Amino acid sequence: MPDLFANNSAPPSHEMQEDDQEGIRAKLARMHPTPYLEGLNPEQKEAVESLDGPLLVLAGAGTGKTRVLTTRIGHILATRRAAPWQILSVTFTNKASREMKDRIGRLIGGSVEGMQWLGTFHSIGVKILRRHAELVGLKSNFTILDSDDQIRLMKQLIQAQGLDEKRWPARQLAGFIDGWKNRGLSPEQVPQDEAFLFAQGSGLILYTAYQARLKILNACDFGDLLLECLRLFREHPDVLSSYHNKFRYILVDEYQDTNVAQYLWLRLLAQSNHNICCVGDDDQSIYGWRGAEVDNILRFEADFPGAKVIRLERNYRSTEHILAAASHLITFNQGRLGKTLHHQIEDDEAEKVTVTSIWDSEEEARTIGDQIEAQQRDGHNLNEIAILVRASFQMRSFEDRFVTMGLNYRVIGGPRFYERAEIRDALAYFRAVVQSADDLAFGRIVNTPRRGLGDATVRQIHALARHQEIPLMEAAAELVGTEDLKPRARSSLKGLLGQFNHWRTMLSTMKHSELAEVILDESGYTEMWQKEKSPDAPGKLENLKELVRSIAEYESLPSFLEHIALVMDRDSGETNEAVSIMTLHSAKGLEFDSVFLPGWEEGLFPHQRALDETGNKGLEEERRLAYVGITRAKKRAKIYVAQNRLIHGKWQNSIPSRFLDELPNKHVEIEETQSTYGGYGASGVGGSIYGKSRFDKSDPFESSYDTPGWKRAQANKANRSKSGSSHGSHTSHLIEGELVAKSVSDGPAKYAVGERVFHIKFGYGEVKSVEGNKLTIQFQTGQKRVVDSFVEKH
DNA sequence: TTATGGAGAATAACG
DNA sequence: TTCTCCATAA
């Protein structure tokens, strides 16, 4: 997309004085009145200029949502409606907020430091909480726990309750508590019946205990960053009104992803002046399982009376075919606000969306790999190619294949940098040095590396700490002075405490990045990994080095720790050309020339668990995910269906996804593929794992007779028989391998039970049963189900 | 304290 | 099937 602000002739930023608000505003005043509005379409322009009152911008995929948001902020600043620090602008991810900062920076041609309230929900929540921590029972230097800390804490509490940790896993409790927090429920607000879902009512006791424990630890989890804000605003109206006065304008990105807590938070803040602008797309709401409420966006007009709604429907990203395919698919969802995307890109040569059926996941990887190589030969940049999968286990076959092909790829997502064990251990050391009362940090590393402080010793420290209500570190110091410990443990613990004291004194004398390295060396942590001979040990050391490097970018160790919990993510700085492999979820917001969408099979996509757990609601979310997937593509979207897939180590045969039938015939092409073996069937016994009874209403077998997919298959079959080859020619039967099977099932059976047949892959066998044109055949290698056109009478 | 085996789980993932 | 977590034994 051409850069909107490139022509606003702003002088380079070095002419500006950093941190000088007047500088920015003066600069804006000198600008041509509204040059930044040029190039916006009428709807975008309206969205930018409708400054007063609540506004909902329904921005379809690729319609310039970020551009509207940033221009709107620019407009507020340029018209001097508010100063940079009077605008609250929230996003979900650090990445999004960084991008907004960058773009606003380009717009106003300078520093955006004045925009202190542009950030993620969480980072803004922390900022507010730290200012008023005492009012909610915290100290302003509270620690932020991540999910790992949470689980560890909950484990302790579950044990303290005398519950069987096997039966009531901490992970599950964490799920419940997160869920409650997402819905803005503090312990006293949890509905009775839900309290009983975990350990017969202990769930609520544990939630209460957990919150109490957090207060003692002077800590918050991510959910609290919002929940405690809500409490603060409700219990201290004066504080809330100070923010009402502060924030003249509120902007929210990705509104469809907000959960109840975030929604309440926004409502409280927008209560007084109503200048709230939410941008979102109900069709891209894919985080229901994380607590996001599509309802928030659907209800906007009711929540904010007098709200204006503007739809952005001009898509500047994709070709007509891609857009039509996605649009048609999404119309199968009920309960949408409804948008019609219009393509702005004209391309007579544009490729249709393709659907290719292949034999199994290996062939899928091979076919896609070949396609990518071909595209590469045609001069396409690998960075513009992505493979979007539903579940991460699908990534493996691609990785395997690309490694053997020597094709550069990168996996996006996966374990985040600061979630890795070695990074968390290192951080725990730093935390314990900076804050001796950080029990979780201390508990994590007392015996890492192993220094003879096993379960027994740790339990003693815990007991004393609990008894005297003092931090672990203090209790440990006390224990060392007694005879209660075994001599070995005692001297070891004494040594460790001595080291901590030593490091603490160095806090003020040594450069913090050096100190970090010293801590890791002296504690023996680095050595531990050097000795470790597992293949990933070197990588871990590399990560630690990188961690130390990144510390240098912060002013001090405490300020580093402050930031890391919230804003450290891994932008792997990779500059090599590489194909991206990622999940559909992590692809939201991105775009690529070519998008490969493998695994469109029932049970995988839509995912069985989504259907089982949330029924039709789940199905609609899956469909939105499909919509997101297709709309990532600028020029090419290629969908693949495998007839067989390896699931938990077993080959299962699969049914093409119902979403395929929801694609418009006109814009989709069934693509042929070279195949090693042709045919329908599975090497496993027992047929599909996705029984038709599992589906909500429609039976895919019945319903697909009159669907576009079936008709396509028919047409294709006709063409195919004209051109001759039907089997044995190493050309697969594509989608009709499945669909044709249905089409002729009411015709006369060509084979009889007991007949001897020959199959190109499986050899000779005997027909065991006949269902339409699907045969169950006993081969030497076992029973298989195959389509009759792939066997010959013998 | 470490090694090993068995059991159990395996949708997606922001801060 | 494969990974992780935990308990048990050496």
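Start at 1 and count along the chain as shown; that gives each residue its number.
Even glycines carry a Cβ here, placed using N, Cα and C.
Unlike curated entries, TrEMBL annotations are predicted automatically.
The ATP binding site feature in TrEMBL is assigned to A:A59, A:G60, A:A61, A:G62, A:T63, A:G64, A:K65, A:T66. In sequence order, A:D281, A:D283, A:R311, A:L312, A:E313, A:N315, A:K339, A:L341 make up the list of same-chain residues 6 or more apart from A:G60 (ATP binding site) whose Cβ falls under 8 Å from its Cβ.
For A:1-11, the entry in TrEMBL reads compositional bias 'Polar residues'.
Annotated compositional bias 'Low complexity' per TrEMBL: A:721-732, in sequence order.
As annotated by TrEMBL, domain 'UvrD-like helicase ATP-binding' applies to A:38-319.
Among the features that TrEMBL reports, domain 'UvrD-like helicase C-terminal' is placed at A:320-589.
The region 'Disordered' annotation in TrEMBL covers A:1-21 (among others).
The region 'Disordered' annotation in TrEMBL covers A:701-732 (among others).
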Quiz question: given the binding-site residues A:T63, A:T66, which has the greatest number of C-beta atoms lying within 10 angstroms of its own C-beta?
A:T63
For the recorded ATP site, enumerate neighbouring residues of the same chain (Cβ within 8 Å of the Cβ centroid of A:A59, A:G60, A:A61, A:G62, A:T63, A:G64, A:K65, A:T66, site residues themselves excluded), in sequence order.
A:D281, A:L312, A:N315, A:R317
Under 8 Å by Cβ from A:A61 (ATP binding site), counting only residues of that chain that are 6 or more apart:
A:D281, A:D283, A:Q284, A:N315, A:R317, A:S318, A:A326, A:L341, A:Y627, A:V628, A:T631
Across the domain 'UvrD-like helicase ATP-binding' (A:38-319) the predicted model averages a pLDDT of 92
Check A:G62 (ATP binding site) against DSSP and tell me helix, strand or coil, would you?
coil
Hey, what's the Cβ neighbour count for A:G64 (ATP binding site) at 10 Å?
23
Please work out the number of neighbouring Cβ atoms within 10 Å of the Cβ of A:A59 (ATP binding site), leaving out its own Cβ.
28
How many neighbouring Cβ atoms, not counting its own, are there within 10 Å of the Cβ of A:G62 (ATP binding site)?
25
